[in-house]
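These features come from TrEMBL:
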DOMAIN    5-240  domain 'PABS'
BINDING   34, 109, 140, 141, 166  S-methyl-5'-thioadenosine binding site
BINDING   65, 89, 159, 160, 161, 162  spermidine binding site
ACT_SITE  159  active site, proton acceptor
Ligand code: SAM
């Protein structure tokens, strides 16, 4: 079957892969930073793309947003002050604010249009934006982190686009050095780290850069993400202290928090790595 214009396709030359959803385009705009499109798809609800890459769909965004927030939040002893870099669709912010112990959550998104379009097409991700603990800051996360007060942050969540364009600098040692400085002694960082099947080299380089910057330990976890290349995604946690990750995932911490994918079993299972990934990260 040949795909006509009623299909959105993300074709990636470097990996020789493509992912498509049938639908029709509702909106397209070029911002100072990137090209954003909104599609109304036949089976995944609304879809936001940036520079031709899938970002968020109504149907499957819970997989990414729950795993990029709760895994790290429940691995930290007391995450009170959380900063999200990127994440302009507000889905990660919404999950972070489900945690009563979080006292402040700042989203640092470079492109305000991502948030404005999310408010229109993904209002379910933006319901907690008016929470008094939430701050929506629009600016470059790299500069924001340079200027951050030293030793002030418990958890940094890097929910960015792929390491090209404005997000490129979020994947390197210089940025990680600023993150370490901004974190409290028991602070940690979690970053979306692409596909364990297609981007293992990038994951290795990220972990190496995190350690070179001074993070004591790095951990990989993984989860399904149907609209991203290969359908399988990962997050990387880097801790400032050498202490092992906590597992604050007893019944008490999960009860009362509505999640669709995340639970104590998917939390633990996410750290169980396939043999070839374990060997690559040794
Ligand atoms: N879940 C998605 C993924 O893994 O592909 C990411 C979604 S979120 C929409 C990514 C956001 O990162 C975009 O809105 C983009 O504008 C933002 N971003 C990219 N570079 C940035 C930077 N240097 N500072 C702050 N935000 C940035």
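Yeah, the Cβs are placed from backbone N, Cα and C, and that goes for glycine too.
Since this is a predicted model, take the numbers as computed values, not measurements.
Checking the binding-site residues 65, 89, 109, 140, 141, 161 against ligand 1 with a 6 Å cutoff on the Cβ atom leaves 89, 109, 140, 141, 161, in sequence order. The two recorded residues, residue 159 (spermidine binding site) and residue 109 (S-methyl-5'-thioadenosine binding site), have Cα atoms 9 Å apart.
Under DSSP, residue 89 (spermidine binding site) is assigned to coil, being neither helix nor strand in the three-state scheme. Cα spacing between residue 166 (S-methyl-5'-thioadenosine binding site) and residue 65 (spermidine binding site): 21 Å, rounded to the nearest whole number. A helical conformation is recorded for residue 141 (S-methyl-5'-thioadenosine binding site) in the three-state DSSP classification. Looking at residue 34 (S-methyl-5'-thioadenosine binding site) and residue 160 (spermidine binding site), their Cα atoms lie 13 Å from each other. Note on the domain 'PABS' (5-240): mean pLDDT across this stretch is 97.
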